Amino acid sequence: MATETVSPACTGSSLLQPISEIINLPLDQVNFVVCQLFALLTAFWFRLYLHPSKTSPFVRHVVATLLGFYFALFCFGWYALHFLVQSGLTYGIMILTGVEHMHKYCLVVALGYLSFCQITRVYVFDYGMYSADFTGPMMVITQKITSLTFEIHDGKRMPSLLEYFSYNCNFMGILAGPTCSYNDYIAFIEGTPCRRHRDQQTNGKANGRHKQTDPSPNVIVRKLATCFFSLMVFLSVCKVFPVERNIDDDFIATTPFYAQVVYLYLSMLTTRPKYYFVWTLADAINNAAGFGFNGYTSDGSPRWDLISNLRIMDIEFATSFKMFLDNWNIQTAHWLKRVCYERCPYNPTAATFILSAMWHGAYPGYYLTFLTGIVVTLAARAMRHNVRPHFLGSPSHKLVYDVITWAGTQIAICYTVVPFVLLSVGPSMKFYRSWYFSVHIGCVLLAVALPVKPRHLRLKGQQKGLHLAPILSHLDSTSTDSNCNQKTKAT
């Protein structure tokens, strides 16, 4: 008797079910992509017909919020109500508690509600069969809620209820983010430049350039081209290099270790284009609506990367673990830095990775990845501080260093991220055992053997250098003037 294949479930609209069957993709993925493409078209309309010069911020807030919630309902059905519940609970906390403690309470409640939904989805209701889930948007909303409360704690104003829901649930970022600063979003809605851009725009006018209000079509076309290429790469090669083969017994037994390393790199490389597609499309949607201007480059070209989530070339050619992380999921890295790394008094690196694991979800593989990331980060930092200075003497030595560190970084990243893809403890530990925990052991030895100054001492040294710079500059100029005077007297 043949077993019936169970297709992935979908809690959203079934309107596109025929298309899903024709192209043989899960309905929830089809709903997501169609909604994002519709959001892109809506973003152009929003910028052209609801431009700040033509309508009020109130109308822009209302339209952005209603469209966002409609997209959420289309993709996730009644589960989209969790977005309102999470936002409503934390707004109540913001009203009832003082500025001194609201950021702590909102972090606990927002992250706790997100974790509750993630745990019940995975372990209680057995929704592991879903290829897309409602907790993805909640992850971005959690970032926005906590970022906003920390901004209020640091002296920013309290938003109105409409502004708050517009910030959390607008159509441009409800499905895939990225997160952004509340002040940046309000400046976009009201049509006023952010404070950090005013000087650049003033200088731009002085140099004959006009204030940048709308994105160039080339910016959006370039990002859409990146989306299309990433999607084609993912669909064509992802199934050729399945990650699960790394733990296949026959593959491990019959494949030389160097070939296993190469296959590991290729299998993890082919998982990244789906993220390139989703995040670049989300960035293009925001840019099409007029959101994302980030000042000018040194040559006067406008930058539209304010909320960009990745830099693909810097990821693929990263020569350090930190460089990879700094260019991957950029807005999440900024959020972790703002709410945890810069504020945690003890072991900020470990605390940041643990918070990241909790935020990502309830799968054990996430925790294995981020716990491994702690030791890899410490080892990479020790290597960079102790080894890199010896290779900076000549371009050829620097090139050798870059090639070696690129290969080491890619292997370390792939080794670290495998549990993130496999999700479960058993397969992840099987992979680590097949590598004899070699990267773990090597990183621990490097972190212990190579000295690195504690973070507070490094920051103290940097601040001391900044304070001494004007003094040294003054002494240098004084010395130069003295030498000139002596030469004048001699002549």
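In case you wondered, yes, glycine gets a Cβ from its N, Cα and C as well.
From the options 346-364, 365-383, the stretch TrEMBL describes as transmembrane segment is 365-383.
Sequence-distant residue pairs (6 or more apart) of the transmembrane segment (435-452) and the transmembrane segment (365-383) include at least 3 whose Cβ atoms are under 8 Å, placing the two stretches in contact. Here the transmembrane segment (30-50) has long-range neighbours at 10, 12-13, 16, 19-20, 23, 59-60, 63-64, 67, 71, 74-75, 132, 171-172, 175-176, 214, 281-282, 284-286, 288-290, meaning same-chain residues at least 6 beyond its ends whose C-beta is under 8 angstroms from one of its own.
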